[in-house]
Amino acid sequence: MENGAIPDNKIAATSELSAAKNGRLNYTSGSSWCHSQADHWVKNYTLQFSNDGKTWMVYREGGQIKTFQGNSDRASEVKHVLYESVEAHHLRVLPNAYYGAVCMRMEVFGVKQKPKNFALGKATLQSSTFNNTQLGVSGVSEKAVDGNNPVVVNNPQCQGFYSFVNFKASAVCFTNPLTTGRYVGISTVRAQFLELCEVEIYFRDNLAFGKQTDQSSVSFGGLSSRTVDGISNTDYYANSCTHTDREYNPWWRVDLGQVEQVSEVYLVNQENEWFFRQDNFEIRVGTVSNNGGITNPKCGDRQSYSLPRGKGVSFFCRPALFGRYVTIRSLRTDLEHFTLCEVEFIIYSQLTPACQMQAIGVASTYTLADASFSASTERTNFEAVRGRLNAYKGWSPGTNDRSDDYLQVDLWYEFLICAVATQGRSTSDDWTTEYKLQLSLDGSTFVVYKENNVDKIFHGNSGRHEIVKHNLRNARARFIRFQPVKFVRNKALRVEVYGVLISRVPSQAPSDLNLSATSSTSITATWQLPPSYSRHGIIAGFKLLYKKKGLMESIHVVTINGGTALSGSILMLAFTSHGDGPKSSVVVERTMEDELNGGPADVFSAHVNKTTLNISWAPLPREQSNGGIILYDVKEELLSRGKRLKKSPLSSKTFNTTNTFILLRGLLLCSQYQVSVRAYTKVGPGPYGPPVKLPRTTDPGTPWGLSTSNVGTTRVSLEWKEPELTTREGISYRVKYLGTKLYNESFREEGVQEVGSSTSYTMKGLVPGSTFEFQVFVSSVCGFGEPRRFPNRIETKMTAPMAPFVPQWTNMEVSELSVEINLWPVEQRNGPVSAYQVIVFKVSDCAQDLNRNNTNFCPFYVAAELKNNPVHEKSWKFTVGDGKSYGAFVNNELTRGEDYIVYQRALTDYNSQILEGDVSKIAMISIKPAESRVLFAAVIALSSIVFFSLIVNGTLIWRLRRAEPNNRTTIVNNGIPVPSGVHQASEPGVYMELQPRPSDGQPREPPEYQSLDDRRVTQDYYNMGVSEESLDEKGEVYENVE
C-alpha cells in the first residue's frame, strides 16, 4: 500500500468523501480516506478476507471474531500480527468505534504463496520428438519448457540425480558457488524415453545484478563491477573477481538505485591461494553512501563473517534492513587486499520470491548456531548438527529400529513455514525415502503436520546429493522435527526449511488488565501474560501507558503521579528485545488525593573541600506542595568507585533536614555520586525528584619526598612518602624503571615492579654501567595514579666485561710460524669495552689449559692489546705470531713443534682502573716441527728403546735370582715407584694469574713467560722423598733412573 505496489484501482471503499486510494499508510499529499486532516481516527476494527471478491469470511482467533485495537491519535502507527494464517486476494477493514469520524490509512504485510513460473511461455527445444498419428499424440517440446547451450549435457550439472515417481516435488538445483544461465535442460542418465507433462522453473531475483558498484581502490584490474556480472567463476585469473589495493579495511559497495528491504546477501570467494583475505569482514545496509557506507547498520548479529575457499555462502539479515547501499568491508587489522568473485542480494518486498523460495537459513552456521540442532539419538560423527543441507556427511540416529527417531531444528523465532527440502548422507548410499514433520511453538508440545486431516507422508530422496523440496500450507512453528519413516540402508538426513518470519514481538497484548488506586501517587495494576503462541520469543517486560482523561494529548509511558484528584486512561503492552507488542484496551482509574506529586527539582552542588559537597535545591511551589512541607529527605547514592561501574548503586544513605541545603561530608575519593531529594507533608513523603549526578570526587595524590641511596653495580635503594590525600583500600605502589647507556644506544632495560604497600624498596638485578630513571605511582581501588619521577638519574657502577662469546673456535695444524684467527666482540653490557687482549698459552706437561688454580708453571704471554675504537660489532681477523708490537706487548713468532692455545678477553678502563674480563678460548694451534729434526728424533727414540729394553731385561734376571718372593714394590705410573706414605719432595710449581694493572700508560717490556714469582722449571724428573717407615722394610729394591 505505502509504496504504491498495489495500484489505485485495486483500492476501494463502501463510500468515500476522499478517494479510497488516499488510505495508504503515511499518505500526506492530501486528506486520507475521510473528509479532512483533522483529529479523526478509528479506535477498533475487524477484518474480512476473500479469494474471489464475492464470498467474504470474518477473521477469527480461537474461534472468536477478532477485534483489533486501533489508534489513539491521528499520527501513530499500530501494527497487529495475525496468528491464524490467512490466504486471500481481497482484504476488508471494517471500522467499529472511531474518534470524530471514520478516517484511516493502512498497510498490509504478507507474502506470496506460489512463486512465479519463469518458464511459462518461453522458447523450448528437445533432442527428438515422438509422434503417433494414430493416437493423435505429438510430444512437441512446447508441452514442457526446457532449454542453456542447445546441447544440454554440456551445461553445468546440478548436484545429484532425481527420481520423482508417483509424487510431486521440486528439484532444487545446487552448485557451489551458484551458477547462472539462460538455458535449463533436463536429461535422462541412460537411453530411454523422456516424457514431461509440465515443467515450472523458479529462481531468486538477484537485485545486485548489473547495478552500479564502487570500492575503496582498484588494483590489478579487479574492477568492482565484476561482482555483479552474473559470473560466479572462483578463479581470479578468469577475470571475474574484484581486487583492491593493500590497505586498512578495504571495502566494496553497490548502489541498488532505491531503498530496498535486504534480507539475504550471497557472497562468493576465490579459489586461489589468497582466499584468506576474506576471513574477517562485515556487511552493512543503509542509506548513507559516504566513505563506502561503513556507518550504515550491520547485517545480522555476528561480529564478523568469513568465506570458505572457492565457495559461496548466504548471510541473512534478521531483521531485514532497509537501504539503498550495501557495503562489504574487511575488518582485518593488517594491510591487505580484498577480493570478491560474485555478490547477490535477495530482497523481501512486493517483488520478492514467494514464501516457499525464502530459505530460513538452516544450512548456514551464521544464521542458526550448532546449538539449534538436536535429535532423538545420533551416531558418532553423524551428529544432529551435521543435518544442515549440503553439509558433510549428515545426521543419522544411533540405530534404525526406532520409529520415533527425529532430527529437530530450533528456528529461534516463529515462522510461517512454506517448504522443506532434504538430502541423503553425502559419503555413502544412505538416505530417507519417506518422512513426517512435527511442528511446535514452545519446543514441548509437537503436532504432526497434516493435509486433509491426514498425517502427511513426504517423499524423500533417491540418492546422496539431490535436493527434494516439498511445499506446506498454513504451517507455523518455531521448532520442526523431521521423522524418518522409510529409508535405504540407514536413516540419514540433511535439511533446509523455507518460510518467512512472522514476528519477533508479541502479537497479542496482556489480558485482564485491572487497576486499583492505592494512594494519590500510585495505582496497582495486574494482568495476565499473552497466550504462549502469541509471544514470539521471551517477554522482556511490560509498558504501562498513561494519559490524563479528557486531554487531547498523546499517550506517554510515564509513572502515575498524583496530588490532586485525577482520572487516567491506562493501557499496557508486552515487549521483547526486538520491540513492542500491541496495546491492550484502555482502562480508566482515578487516583487518591492529598499527596505530593513530585520532588524538588533544580538541585545544585558546590565543592567545600575535596571530600565535602554542599547540596541545595529550590523549595516546592505552593501549587505542588498540597499543604505545608515539614522536612526534606536527601538520598545519597554511590554509583561508581574507581573503575567499578554498576547498573544499580553500590550503596546509599539518606539524610533529613528542614533546610533547603545539606552538607555531604566524608565522600570517598575517585567516586561518582548522585542525589535525589523528596519532601514530606503530614500525609507522608512524596516521590523523589529526578536524581542529579554530582561531580566526580578527586583522585588520590602522588607520592612525595622521593630519594635514592646505596647505589651499587646492580642495585639501588628507593624511598618515598605516602600521598597526602589517599585512600587506604587496596593501596600499593609500583616502580617503573628505564635503563639506557650512552655508549650503547641499542641497550634499553625497562619494566614495572610491584612493591606492595611499603614506601621503600631496593631495586635489584640492575645492569652495571647503566643510567636508570625511576618513577613511582600508587595503585588503589581508584586505579593507577599519576607517576612521580625520582629527581636524580642513577648510574650503576661498572664491572668487568663479560667473556667473549665464541660461536666457533679455530683448531688448526700449520707449518708457518704465524696464524690468522678470528677475534670476537663482547657485548658492552657491564661497561664500555676499551680494549681486547690476545693471550697465547704454550701447552706443556705441566698444564694443558690456562687455569688460575693450576699449581704447575704455566707458560703464557700477552701477544697483543687492541683498542676497541671503533667499536667492534662483528668478528675480525688477527694474526698470531706476526712479530709486531700491539700496545705494550710483542706478538712473538710461534715455535716449531709446539702446541698453543689462544685466549681473548675484554678490558674496561673505569676510574683509572683497568677491569679485566674473563678469558675465552678462541683457537688451538699446532706448529709442525722441521723434517730433519723429526727423522733425527725418530732414530734416537728407536735406539733408546732397544738400549733400554736390554737393561731392563738384564735387571729383571738379576732380581729374580736374588730377591725373596712377595718383598718387591710394584712399578706403576710409567716406571716411577710409588711406595706407601711417600710425598712429593720437589718444590711446588708456580701458577700464573692475570691481575688488574694501573692504566698509567707506561710501556712495559713483555716477558716471554709470565708468572707470579717469575721462576722457570726445566727438570724432566723429580726427586721423590722416602719415608722412614719404608727404610725399615728390608729386602726392598729401588731403582734410580738417571
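Even glycines carry a Cβ here, placed using N, Cα and C.
Under the heading compositional bias 'Basic and acidic residues', TrEMBL lists 1002-1017, 1032-1042. For 1-111, 355-500, the entry in TrEMBL reads domain 'F5/8 type C'. Sequence annotations record features per position, and here TrEMBL assigns domain 'Fibronectin type-III' to 599-701, 702-799. Residues or ranges marked as region 'Disordered' in TrEMBL: 992-1017, 1023-1042. Marked as transmembrane segment by TrEMBL: 934-958.
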Helix, strand and coil residues within the domain 'Fibronectin type-III' (599-701) as assigned by DSSP: 4 helix, 48 strand, 51 coil
Secondary structure content of the domain 'F5/8 type C' (355-500), with strand meaning DSSP E or B: 10 helix, 73 strand, 63 coil
Model confidence over the domain 'F5/8 type C' (1-111), averaged pLDDT: 79
DSSP-derived helix, strand and coil totals, residue by residue, for the domain 'F5/8 type C' (1-111): 7 helix, 30 strand, 74 coil
